[in-house]
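One structure is given here, and the rest of the page talks about it.
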Amino acid sequence: MGKEKVHINIVVIGHVDSGKSTTTVHVIYKLGGIDKRVIERFEKEADEMNKRSFKYAWLLDKLKAERERGITIDIALLKFETTKYYSTVMDAPGHRDFIKNMITGTSQADCAVLIIDSTTGGFEAGISKDGQTREHALLAFTLGVKQMICCCNKMDATTPKYSKGRYEEIVKEVSSYLKEVGYNPDKIPFVPISGFEGDNMIERSTNLDWYKGPTLLDALDNINEPKRPSDKPLRLPLQDVYKIGGIGTVPVGRVETGVVKPGMLVTFAPTGLTTEVKSVEMHHEALTEALPGDNVRFNVKNVAVKDLKHGLVASNSKDDPAKDAANFTSQVIIMNHPGQIGNGYAPVLDCHTSHIAVKFAELITKIDRRSGKEIEKEPKFLKNGDAGMVKMIPTKPMVVETFAEYPPLGRFAVRDMRQTVAVGVIKSVEKKDPTGAKVTKAAAKKK
């Protein structure tokens, strides 16, 4: 069998009509995750509705509908295997909460696949000032997605078909704005493809014989292997807490950094409650330790369900335990706010699993998004497209960390008027010292 393949997470970004769905499903169709019987069933339905030409996107819509109804076939669907990796496609855009999901999302994407519509008019729409292509690329870069693959899609529909000139024009323009966002375009493969016809997706296409670079599959295989933060102190944000008869209180969450194992003393912040972990399980199997990326249930001693809730963060009591944040300073990019944001603004912050109102206590500086250099001290306000350093104060106890130390607890979405108005990363945190926090009997014995 050899060594098991490494898992990577991919996020697919690009303008709404760029062909993201078709391309994504085509890759999955060819490499993996979909049961052939499911495909046949969908194809038959597509035929009956004369939607054959639309089969891949039709398949994805179908899957989306099943996902929305809560049918759980979806997760295997968005998985595929390359020669080197097991890949999972994270929630692709088009989803209303894409921005929020990408930030508070269950995991950090290791690579962004940017799909560009190469057709006349299509490319221009995607890349225009209000096109989503820029916003998605900026978002990916801000949130620390270091690697990118760019697919020049719909090459079968350029004028003339499979036009080398059109490809070169697009590479030049997209490179210049990816550079503006912060990426190094020389390190990004630009793959001319047809997500619909399948050119250069898995195998080399004779229609594009002027192109000598990697296929999409090759480019995915060339992604640098991600380093998982198991050597850092434990951070495990709680998604939920259950009471299970005969077992007791069972918190559920994803290990973001570090490891958790039976016998460990954990402290839940911001409340400061300390207790011992009795057992850890994933997919109903007991684990001797859980690693970053694992979604686990763990059982804790002498703790009532009411003492725990989603948004709390479990950490190792003896290794840099998490604490309540008094205030923190963040680099914020305003993306979608109709007016001006000034001191005193109080939106909701979605950070890891917590949703808490915070106050923008002080706009410290306005900065250049690309270079990070200061443009203005103590600006009166920030508006769409602006970036700034802001001091924030949570209105309730809250755990956050710096993006540099604990990335999943250091990036956030700012929500207001039911939408994401800004995104940010946390640069520094001033923490409170816990006072008189409760320690369970089991934990007191272990100390």
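Placed from the backbone N, Cα and C atoms, the Cβ positions cover glycine too.
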Annotated range (Swiss-Prot: region 'G3') out of 35-38, 91-94, 183-186, 351-354: 91-94
Segment assigned the feature region 'G4' in Swiss-Prot (from 153-156, 293-296, 341-344, 429-432): 153-156
Region 'G2' per Swiss-Prot - which of 70-74, 220-224, 235-239, 395-399: 70-74
The annotated region 'G1' range in Swiss-Prot, which must be one of 14-21, 126-133, 198-205: 14-21
Listed recorded positions among Gly14, Asp17, Lys79, Glu289 whose Cα sits within 10 Å of Lys261 (N6-methyllysine): Glu289
Spatial separation of Met155 (GTP binding site) from Glu289 (5-glutamyl glycerylphosphorylethanolamine) - C-alpha basis, Å: 48
